[in-house]
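Please read the structure below before turning to the comments.
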Amino acid sequence: MASNSKPATRKAAIVGGNRIPFARSNSTYAQASNQDMLTATLDGLVARFGLQGKEVGEVVAGAVLKHARDFNLTRESVLGSKLAPSTPAYDVQQACGTGLEAAILVANKIALGQIESGIAGGVDTTSDAPLAVSDDLRRVLISLNNAKSVQDRLKAIARIRPGMIAPEIPRNSEPRTGLAMGEHAQLTAHEWEIGREEQDELTVRSHSNMAAAYDQGFFDDLVTPFLGLSRDQNLRPDSSLEKLAKLKPVFDKALPEGAEATMTAGNSTPLTDGASAVLLASDEWAAEQGLPVLAHLVDAQTAAVDYVHGGEGLLMAPVYAVPRMLARNGLSLQDFDFYEIHEAFASTVLATMKAWEDPAYCKEKLGLDAPLGSIDRSKLNVHGSSLAAGHPFAATGGRIVASLAKTLHQAGPGKRGLISICAAGGQGVVAILES
Amino acid sequence: MAAEDVTVLESPPNMAALFARAALTARGRSGDLPGTRLARRGVTVDAGNLAGYARVCGFPLGDTLPPTYPHMLAFPLQMALMSDRAFPLALPGLVHVRNTIDVVRPIGAGESLDLEVWAERFASHRSGATVDLCASVSAGGAEVWRSRSTYLARGAKAPAGAPEADVTVAVGDLERSVATWRIPDDAGRRYAAVSGDVNPIHLSGLTAKAFGFKRAIAHGMWVKARVLGALANRLPESFAVDVGFRKPLFLPSTVTLATAQAGGGWDAAVRNAKSGTEHLVGTIRPL
């Protein structure tokens with residue numbers, strides 16, 4: 001259960017962030033491993049904040065698609081980085097919520113005084129993805145490995161069938177429903193009557209906001225070029241409603257007969273490779289190091305929904321998480337200067353906002369007396385989000401935390417921002433930042 | 001060296017053809033070192049080859065070239081020099097005994113590089129003669145990297161009045177091994193695939209036997225690269241790495257890496273895990 005009051009603790013400061021530009025799958029970063037990208041990203045952060053040879057309290061990061069050999073991915077990346085080798089590290093994984101969850105974990109240890117500084121990050125590659133042998137073949141190979149006699153070995157080998165040889169390729173689908181995430185999102189879009197045009201409009205705004213932010217130099221101290229790439233490869237500054245309108249809908253398999261498919265490759269995030277990292281600290285540590293404090297992580301919340309049997313949409317968990325966090329902090333949905341709602345799909349952002357505006361849904365599903373109400377769209381994803389940048393699953397949280405912290409810092413003291421990230425498995429991770 | 005001695009090549013020479021030429025023209029070589037320098041201008045690194053090299057040698061893939069990578073660019077030119085009929089020593093049978101690299105500054109993977117290679121220091125050695133194959137890599141007119149590979153030709157004779165060979169690399173006590181590497185029997189083929197160094201002694205037991213080795217042996221420059229890969233994030237910005245290649249590393253093998261901080265850099269050794277036979281000793285010092 002979520003607690004109703006907050007214990008007296010200090011708030012963790014966000015000092016800054018670093019990420020590599022995000023690349024489209026099987027493109028510029030096709031040869032780069034998760035460890036290569038995370039190490040490069042950590043080293044960029046080290047260079048930016050003068051952490052060469054220094055020990056930070058903890059490095060927490062993760063990847064959604066991970067090779068078995070990468071069981072200690074974050075620690076291995078730290079050992080390959082310019083950070084002191086005495087820096088502890090561990091891996092986390094909460095699907096697309098990984099990056100934000102990592103930041104929350106680091107912030108909580110700072111809040112409790114267990115560490116003074118920490119780095120939260122995430123990385124994903126869909127190019128250098130792990131392939132697994134089929135489950136049947138895996139069982140045969142294990143018994144072959146355990147076989148003591150030649151006879152046992154031959155018996156094990158005899159169980160191999162040609163059909164077992166094909167490798168299993170990781171799929172972006174839910175194990176319990178067999179549906180791709182996009183197919184789930186399309187069901188939700190249909191249910192909430194999210195039209196094609198409003199999805200395309202949100203997409204165009206994401207691209208134009210991010211292109212403008214790059215042009216203004218907003219990302220100069222947030223992004224370090226990698227392997228020749230200096231901007232997100234998916235970014236289309238010239239994206240337009242006309243161009244997006246030409247794209248064919250995808251993800252229509254699960255829709256009921258006659259329902260209109262509205263989601264396209266344009267208003268959905270593409271498979272992407274990339275990494276991000278955020279430096280968090282106590283105010284005292286930041287001051288000692290002569291480093292800035294952009295914002296503080298004030299509070300965070302996770303939620304999950306029963307998208308399998310319960311009739312809720314796969315990506316609707318943040319809708320539940322936000323009101324719980326708002327109540328605990330005595331805030332309304334309108335008490336924010338900036339909103340960062342992760343654009344897994346344009347329809348996800350639109351369905352999230354529509355749900356918060358819906359009195360019946362807010363009462364029945366969220367147990368609220370009144371709807372949370374609407375969001376001023378001019379405060380939403382002001383420097384672009386995942387539709388433009390792309391979405392290397394675990395790297396998205398770090399991208400958003402660093403960008404929002406900088407946005408709040410630029411806006412001046414006392415500004416407040418809300419982060420909402422949906423994740424596979426029907427989960428959501430949300431947080432409040434304040435400058 | 002006079003400018004007219006420099007031959008500029010438009011593309012890297014074909015290494016397999018050079019090995020064949022060197023083997024066919026091995027007999028009857030003599031005389032002094034040619035004064036020829038071979039060069040290439042405006043060379044850019046192929047991203048795919050760099051990624052393959054990094055993977056095979058254990059370097060992280062990033063925007064800075066591994067310290068041994070420029071050797072990939074210079075070695076084909078050195079091969080062309082050594083396989084030429086004017087070169088006094090027969091290439092088959094030359095043993096790489098020492099390699100020194102100076103990383104003047106880190107080199108970006110996207111930089112345009114100028115290479116120049118030459119041979120010098122024909123020297124006498126107790127079991128033959130040695131020669132140094134040198135390389136200099138520049139960017140924007142300034143030298144960023146240089147190397148010196150010393151090869152021993154057993155039974156060969158250096159010209160009268162030649163200096164004594166200098167093949168000694170001294171390291172401090174290296175008792176503590178920090179890593180064990182299981183080196184598979186295809187290590188030579190894997191490195192050959194990314195480096196183009198298809199010297200038969202590295203490729204298979206059969207081809208190695210033809211040249212007098214009981215099994216295939218690992219490329220010395222690969223072992224050196226692995227040592228630097230293991231220390232990649234702990235190297236000075238600008239450094240000299242000097243290694244001596246001792247006994248051949250037969251494939252497959254299990255070896256240990258020993259390292260110790262020394263002189264602002266490192267001492268390192270690679271030894272057979274069981275017998276302790278030394279394959280490589282080296283020093284890394286800030287420039």
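Cβ atoms are placed via backbone N, Cα and C, with glycine included.
Taken from TrEMBL, the feature active site, acyl-thioester intermediate covers A:Cys96. Around A:Cys96 (active site, acyl-thioester intermediate), the C-beta neighbours below 8 angstroms that are at least 6 residues distant in the chain are A:Val64, A:His342, A:Ala344, A:His391, A:Phe393, A:Ala394, A:Thr396, A:Gly397, A:Ile421, A:Cys422, A:Ala423, A:Ala424.
All protein chains included, A:His391 (active site, proton acceptor) registers 26 other Cβ atoms within 10 Å of its own Cβ. Per TrEMBL, active site, proton acceptor is recorded for A:His391 (among others).
For A:Cys422 (among others), the entry in TrEMBL reads active site, proton acceptor. A sphere of 10 angstroms centred on the C-beta of A:Cys422 (active site, proton acceptor) encloses 32 other C-beta atoms.
For A:13-283, the entry in TrEMBL reads domain 'Thiolase N-terminal'.
Summarising the annotation, TrEMBL assigns domain 'Thiolase C-terminal' to A:292-434. Taken through DSSP, the domain 'Thiolase C-terminal' (A:292-434) splits into 57 helix, 32 strand, 54 coil.
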Report summary line: Whole-number mean pLDDT, the domain 'Thiolase C-terminal' (A:292-434), equals 97
